[in-house]
Structure formats: C-alpha cells, structure tokens
Amino acid sequence: MAGSQSLVGYKNSTTGSAQVHTFDVSSYSSIVAKDLSFEVWDKTAESRSDGSLAIFAKIKVPADLAASGKINQVWQVGPSVGTDGRLVPHVYVGNNLQSKGTLDLKSGQSSTSSGGDDRLKKKNIHGILNAVSWGILFPLGAMIARYIRTFESADPAWFYLHAFCQVSAYAIGVAGWGTGLKLGSESPGITYSTHRNIGIALFVLATVQIFALFIRPKKDHKYRFYWNVYHHSFGYAILVLGIFNVFKGINILKPEDKWKTAYMIVIIALGGISLLLEAITWVVVLKRKSRKSTKPSDGYNNGQS
C-alpha cells in the first residue's frame, strides 16, 4: 500500500535462504529496498515447513504512536521479487483489499479493520451505478429515440420516454462518477488511467448532451440539421464509450463471473432487440414512402383536376 513502512521477507533467488528487507513504499512505480522513517534492527526471516515465511524484527515506535498505544498495520502476500530486488505488486482484489487492522501495543491484541469492506462496498456501488447508467439506461434511451419514434401513434410519448431515460441515466451516472473520484482520491498510488479518462470524457459528453434539451430548435428551424448532427454524434459516442467502460470496470473490480455474464446477457438482449426493431423500422419507413409516392399531389390525379 502506498505510504506504508514495510518489512518484506522473501527467499533469495540465488542461495534460497530467507531474508528480510525494509521498504518505504512511497510510490508503486519504484518499489525498492529503502530505510524506514523509524529505526529497525535484528531483522531475520525464517522459512517454515508449510512454505510460508515468518519475519522477526525490533522497531523503535515513534513517540506519537507510542503515546496513543495503537498503530495501524497492513499485510500482504505478493507474487515474487525481481532479480534487481524490486517487488512485484500484489493483486488488488478480495482479501488483499481487506488486509489491514489495528495493533494495540499495550495489550498486544490486534483487530482487523472494516476499511477493506467499506472500500469494497464503495467499489461495488460505483460499479452498479455506472453499469445501470452508462451501460443500460443510456442505450435503452437511444433505442427509444431511434425506433419508437418511427410509429406516428407514439408521438410525442417516445420523446418523454427518451428524455426520462437519458436524464435518469445522467443523474445516476454523475453519482457513479463522483463515487469513482472519491475512490481515486483515497488511493493515490493506484491509477486506472484508461478507465478514469473515459469516465471523465463520458461526464463531459453527457453534460453537453443534457443541454440539447434546452437548445433544441423546432423541426422546421434552419439550425435543426446541425442540432441533429451534434445530438446524434454525442449520443452514439456516449453509447459506445459507456458500454466499453463498463467492461473495463468489470475487469478492474473482478466480481464473480455471474455478474459479468449477467451484464453480457443484458447487452446481447438489447442488441438483438435493436436488430429486430431496425428491420421493423425499415419496413414501416419503406411502406410509408411507397404510400406517399402513389398519393395524388397538387389536386391532380391521372391527368384530371
């Protein structure tokens, strides 16, 4: 964990003997052996029959921590140590996120912290909010606008349904986006650049898209064509980026396979419905054009006024 003062035990790749070193983990970009901010001596490591390592050391507890009688502790199991002495980062899921607690120096008792559970809960909330918003409601709203409006009897109901879906998706998405920012601020050493940048782009695009409701010109207005281009291009960009980022988030959070499978089923179902409605829409549009082409115009029919 970034900011931790660590004692790390591992087996020497050359001699096979157990050894222990101190690591001041100030950044994940360079995890190398380094002195800590307090004194440590008599460091030893012991290999055990079950393949684990036990670390022994004496430390000089800083005065402020000694006065409180309690210190925070974290523990981890990493995959390996490079030949250059650099630690390979551990994974960031499950028990690894919950491996922290408080040690009472006076009683010698330790207790695990609920911080890992709270953080995991925040991640789950972040994932659910964004999956529902960018991954389901926005695509559903786009489908309503593209297909339901084709049927003349659905006007103007389709517009209100479309606006309701998109505004609801935006509100939920902003809540999920804010939760993501909070998670990022609590973990300065862990950065998922692609996921974060797409999230920021989605927020900006969706905010601009919401303004489309307030600046929508009438159908016969000369600027209506340009408004349509802007509205449709932003909408499809949000649609593609939103679904892509939901899958990025799932790969980061690594929930049980059933959750990823469930979301894939929802997306496949929406895609299948879209294909069906696309075909129906084309049939309706072509029939409508056919009727208009055979309809009398300008008061003339077969040469008769």
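Cβ atoms are placed via backbone N, Cα and C, with glycine included.
Feature annotation from TrEMBL assigns domain 'DOMON' to 1-78. Residues or ranges marked as domain 'Cytochrome b561' by TrEMBL: 86-286. The heme b binding site feature in TrEMBL is assigned to HIS126, HIS162, HIS195, HIS231. Annotation source TrEMBL lists transmembrane segment at 127-145, 157-178, 198-215, 227-250, 262-285.
Residues 125-130, 132-134, 137-138, 140-141, 144-145, 148-149, 151, 199, 202-203, 206-207, 209-210, 213 of the same chain sit 6 or more residues outside the transmembrane segment (157-178) yet have a Cβ under 8 Å from a Cβ within it. Long-range Cβ neighbours of HIS126 (heme b binding site) (same chain, at least 6 residues apart, Cβ-Cβ under 8 Å): GLY176, THR179, GLY180, LEU183, GLY249.
Residues HIS126, HIS162, HIS195, HIS231 are the ones the record ties to heme b, and the longest Cα gap between any two of them is 27 Å.
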